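Asks: My questions will all concern the structure given below.
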Amino acid sequence: MGLSYQAPPPLNIPPLEPDTPSQAAHAAPLTNFLPEAETQQDKRLKKMEVTIKALQAGSSSFDYDDHNWNLFPGMPLPPKIKILDFERYDGTKDLRHHLRHYQSKMLPYWDYEEFVIQTFQDSLTGSALDWFMTLKAGDIPTWTDLSQKFLDQHRFCAETPSTLLDLSLMQMKEDQTFEAYAAEWRGKAAKHIPLITERQQVQLLHSTLRGAYYSHLLVHTSSFSDLIEVGNKLDMGVKLGKIDGPSRKKDGETSKKHIGGTSKRGKDTTIGTINSGCQTSQPISVHYTPAPQTSQAYAHPVH
């Protein structure tokens, strides 16, 4: 008994129906398994994740181009870079002091101007850092341009230096030591422009003192160090109760205010008398009755 055998169709080739034109099978795309291709794919996936997170955060002005992250893409870098610790400026301190501090820190890298400009953001915080992030490379091509814009932006945000009138009106607080007051006063005087000489500072500081500090330090106005040394001794005397502090009232000051005082509610007059053997005053009430006011009758002239 003979059996007919039908061969199976070729692999990856679907069987052809009758009267159907034959077509060539599509070649499957080759998969690149090179490590470089995987690295590029990972970068693209990470960028997509960053994009999705930014969109979820509601940021519509987010720029994802790699060359926009730095002010100067491709800028030359120093051969050896050391991580520096900067004093951060928040918009309230002295502007010139901050610029000098930053320049002294970046002096080894000063030949790389773009790197110096880019690193300036590491010395800022708060509103000052927000301002720097709005700048573009065309706004600050040189360090001179950046420093000038920095001064113009924060000129009115920083603390205004004290004038000579402000320094002359300062007063020593009741619970403040002389050394602490002198340090506070001199710190404000150091910001005055033009600078005040030490001799002028000593004289101006002495004019703000009161009481025993003014009288005892009158002859010690040669230098600040002498002034503070004598002031510390006065602090000890005030602490021990041997010297009256600047806020303590003088003896008899309270009594003098009561002498001759008249009460508005009655006819009693309180007279304060001071006993020579006692510091307290003893009020004496004296009652008086004013004479009634009488009107003199007008006498007509006799004709």
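Cβ coordinates come from backbone N, Cα and C, glycine included.
According to TrEMBL, the record shows the following:
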REGION    1-25  region 'Disordered'
COMPBIAS  7-18  compositional bias 'Pro residues'
DOMAIN    122-186  domain 'Retrotransposon gag'
REGION    241-303  region 'Disordered'
COMPBIAS  241-256  compositional bias 'Basic and acidic residues'
COMPBIAS  270-284  compositional bias 'Polar residues'
Asks: What are the DSSP helix/strand/coil residue counts across the domain 'Retrotransposon gag' (122-186)?
Replies: 36 helix, 1 strand, 28 coil
Asks: Across the whole of the domain 'Retrotransposon gag' (122-186), what does the mean pLDDT come to? Round it, please.
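Replies: Summarising the domain 'Retrotransposon gag' (122-186) by its mean pLDDT gives 89.
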